[in-house]
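**Q** To start, I am sharing the structure in question, which I have written as structure tokens.
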Amino acid sequence: MGKAGAVLALKVVMILIFTAWMSLWFLKPTNFWTRRWKAAERSARNTLFGYHGLDFAVYTFPVIALAMVGLVYLNLQSWGQTSRRTRSSTAALSNPVVTSNLIGILSSVEILSVFLFILFLVWTFYSRISQDFTKLAPVESLKLDLWQLKYLRVATRFGLLAEACLALLLLPILRELAVFRIIGIQFEASVRYHIWIGTAMICFATFHGASTLFIWGVSHYIQDEIVKWQRTGRIYLAGEIALVVGLVMWITSLPQIRRNIFEIFYYMHHMYILFLVLFLLHAGDRHFYMIFPGVFLFGVDKLLRILQSRPRTYILTARLYPCKVVELILPKDTGLKYTPTSIIFMKIPSISRFQWHSFSITSSSAVDSHTMSVLVKCDGWWTSSLYDNIQAQLDSDADKLKSIPVAIEGPYGPSSMNFLRYDSLLLVAGGIGITPFLSILQEIAATQGKGNSRYRFPSRIQLIYVVKRSQDIGTLKPVSSLLQNHPSQKWHLKLKVFVTQEKQCGASVGELINEASQVQTLHFGTKGPIYSIHGPGSLYQTAALVAIASIVFFVFLISFNHIFFPSEISRSSLHYSKLIVSSKMNAPKEKGPSWVADILIIASFILSLACTGLVAIILRWRRVKKETPREEKIQQRSSIEAKGAVEEEHEIQFGERPNLEDVFSAFLNETGASDIGVLVSGPESMKEAVASLCRQKSKCFKLGNKKKKACLSFHALTFTL
């Protein structure tokens, strides 16, 4: 009860923090908030913290606090919690409602969130523009007509909409500090929110910049204004360059470029540093504090990920499948535990010094505590280079094998094994999308074999596997023993394979698996010690590092402002009379160039990252040094090996795609009224088809159903970004 009470208390705290932060955004466009905030800033100027400390505490710190509390909350949750929950109307909100080739699969929660965000943008724009039009004043430096003046104000307010999008832009792509993981959304699934928000931001920013340039052009002031670098206020030149940089980043991130010329996307996307600096110089420090939470967390997250991939490790074993799939066996620390469907990011410097690729882990930490494995489908330049490298070493002299160093980041995955809470599971995989299901099946078998009464297992599992050629079935080799359905096995697994580009060959599923899983194995030697993969640090440690970064940033920020702007403190220390204080407060707020305050924020942030990085390095190496690097080759993983033939009840069909509606109907008839988890991993078209059927077939939330009906819960697994 104590742990449950703490979890509940943390939930309440997170809800309160999030509500307070959202309230700031809704109140910020109002006159009420403007008056109150200006008074608060004037009062803060005469204090130790100054208005910089107030802005950071009110606008930035709530999201940082939410991330820290969320990490503690996730750590307190029971790892692998799988208690069967009663059917709840809230579960329906996560099921697909809209399936579209353009926007993908949307649930009720996502539609509601998008609607509320659009409503917020409309409210912000309306509040600002209505105030502008009621007290419209001509620009002293520009002689504009009334329509030009109004249009310029509209363009300016579109810049605020871009700012609101930028405040959320970096939050979906956090990995170690992923705030979305608190509500059960993993990094690989939240990337699409980053894409949506980024597209909206670029649209608003382009209208903002292009309209401003248009007004300058028609009023014949464009040559004077476009290069203006003001001592105080807006720096127009920085904003224009930031817009160009943002457009370059957005264009090079389009799928046509990202998937075909990854290097261009990767290098151009690192211009985000320049973009953020230019935005700070253009908008000023007060606006930057609104978007700083995402920037701050992303900076700390990036730092921890860089340190996590050190030191490099080596590939222990590589297995080449006939279907041009490579299985890589990697060493891991015995204390590293991960949940099924987790992913890792891998970099092989001998192929590319900069490219990171994500792969779904196919092994289970419950089966093997010393190694982990991934399957790599070799159909691109990077993966084909890996395949050719290994094939070349297989064909060469065995005494001259070269070890392949790799950098690993992760694993990242769900905090609990929620797929075990269902009565039945329907798994639909296409091609290499089978990989996350291999880890799920091995986890279930291993945990059940230990007789752990803490878990309740699905009584029936059906795996639908769609491949182009029969040799692709070889990827099922790690779970071939599970296809035998031993009497001691408390759950029943049925496999249906569909080979779309071959005709009937007369072989059974078991024969095809054995034939297609004839692999070439290469055991690598290493010249030096083998460091195991240790994964991210503990959640408590990560939360502590975020707290250290926040405190150090705050201290440096306040110290720098006292050094470079001492006049703000001298007023309070010398106790001026009320008249003098009043005159000072009515004077212009800026006592120095605005870009100086911007530089102080950048310097404070860099120093906070440096101090946090030093602490993180010490903690990291203390953790790594606890394990003595091993010179000898690590024993191979103890995978679940088959001891008999695969049962003939499993089905295989050639030359056709599965009729998913018939598959769903048959499975529903077999399972009856139960909670069914539907997991799909494969092409987007397959996910959309499965999502549509889940929406049609699920009857547990339809009105008028007095009897208990089957309830289908849809989950799409993504590991290609």
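Every residue gets a Cβ built from N, Cα and C, even glycine.
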**Q** Out of 143-160, 287-304, which range is noted as transmembrane segment by TrEMBL?
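**A** Within the set 143-160, 287-304, TrEMBL attaches transmembrane segment to 287-304.
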**Q** With DSSP, how much of the domain 'FAD-binding FR-type' (293-418) is helix, how much strand and how much coil, in residues?
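**A** Going by DSSP assignments, the domain 'FAD-binding FR-type' (293-418) contains 35 helix, 40 strand, 51 coil.
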**Q** Would you confirm whether the transmembrane segment (56-76) and the transmembrane segment (235-252) meet the contact rule of 3 or more C-beta pairs below 8 angstroms, pairs 6 or more apart in sequence?
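**A** Contact absent: fewer than 3 Cβ pairs fall under 8 Å.
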